[in-house]
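Step one of this worksheet: look at the structure below.
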Amino acid sequence: MRYLTAGESHGPRLTAIIEGVPAGLPLTAEDINEELKRRQGGYGRGSRMQIETDRVEITAGVRHGKTTGAPITLNVTNKDHQKWLDIMAVEDIEEKLKSKRRIKHPRPGHADLVGGMKYRFDDLRNSLERSSARETTMRVAVGAVAKRILAELDIEIANHVVVFGGKEIDVPDGLSVAEIKERAAQSEVSIVNQEREEEIKAYIDQIKRDGDTIGGVIETVVGGVPAGLGSYVQWDKKLDAKLAQAVVSINAFKGVEFGVGFQAGYLKGSQVMDEILWSQEKGYTRRTNNLGGFEGGMTNGEALIIRGVMKPIPTLYKPLMSVDIDTHEPYKATVERSDPTALPAAGVVMESVVATTLATEILEKFSSDNMEELKAAVASHRDYVKNF
């Protein structure tokens, strides 16, 4: 399975094409719209979320509520485009109109300046439009399709925020994936500890008043993943490496860890390695899950625990200093519409890219033309692993 996305932040629409989805997968536009709605939620979101109510149009690859095995095309209209018809026009326009929303004061921490250097733009809006997090709309749409595949295979996925701008959120021990999903869904800030809810919301309000932004750490957990996805035989076959690339490809994400992650550098081997157990009922399990469900670049049957760190959003309402690319004189950076934080929304994006990567890996290992073949192949593999 593979996909491409296209579209600009203020262009007419966003598009994704997905290839390799088996025939027979139940899929409706509403399945995708539910995920798009989640992405637009969360405390601290800006005015763009009031303008856009994202809804997908499926224009290929689905008939009578099921996938056909052909490429799937997804489109989401940008309602805000009506205010940008001249600025984002495909055809050439007058120079006076071109300069109307030209960006020449790049924002520190954004793709503006380096994108202009790379592609030789004199208007940095070209960098901004495609590098905008608006693109993640389609990654969530693609992820919604991937989640339907995972659900058919009894694989469940959830995310929650564990660090909010330096404030660590205590997570109760022993929560299942379903419990994490339920608790995070009930929280406006996607945390599982409801006692911290009002504190975090007040903190976001203060950051907004300060004209600043905050980042944090998001944890995605996946249950029901069969052992043996990924491989140790080549560096680019390791599934944890593929997931790391997928997570860090999300706008503003700067790092990823699995299980205890970077804490492993402070612990002894006897404190980190997960002892192997076996029972007639469950087959092979681990006493702990410090490695986050991975050994040798492969899934080991335990829940996957993946954390991604998101830097603060680079657009500040009290902008940092930059340089005018025409005069090279010091100048305050451009201010575009932004949020004090997008952690809850980013969690949905992270969940989506993890789901897409896992679905792709499953279809690589259990190559199938239709869902019945896929479900039978995965069930057979699970039985084999349990009785190994």
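Yeah, the Cβs are placed from backbone N, Cα and C, and that goes for glycine too.
Database features (Swiss-Prot):
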BINDING   Arg39, Arg45  NADP(+) binding site
BINDING   Arg130, Ser131, Ser132, Asn251, Ala252, Gly296, Lys311, Pro312, Ile313, Pro314, Thr315, Arg337  FMN binding site
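Feature map: annotations from Swiss-Prot on the structure.
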residue: Arg39; record: NADP(+) binding site; Cβ contacts under 8 Å, 6 or more apart: Asp54, Thr136, Thr137, Val140, Ala345, Val348, Val349
residue: Arg45; record: NADP(+) binding site; Cβ contacts under 8 Å, 6 or more apart: Asp339, Ala342, Ala345
residue: Arg130; record: FMN binding site; Cβ contacts under 8 Å, 6 or more apart: Glu8, Ser9
residue: Ser132; record: FMN binding site; Cβ contacts under 8 Å, 6 or more apart: Glu8, Ser9, Asn251
residue: Ala252; record: FMN binding site; Cβ contacts under 8 Å, 6 or more apart: Ala133, Gly215, Met310, Lys311, Pro312, Ile313, Pro314, Ala342, Ala346
residue: Thr315; record: FMN binding site; Cβ contacts under 8 Å, 6 or more apart: Arg107, His110, Thr213, Val335, Glu336, Arg337, Ser338
Need one number for the FMN-binding residues Arg130, Ser131, Ser132, Asn251, Ala252, Gly296, Lys311, Pro312, Ile313, Pro314, Thr315, Arg337: the maximum pairwise CA distance in Å, whole number please.
44
Within 10 angstroms of the C-beta of Lys311 (FMN binding site), what count of other C-beta atoms is obtained when all protein chains are considered?
15
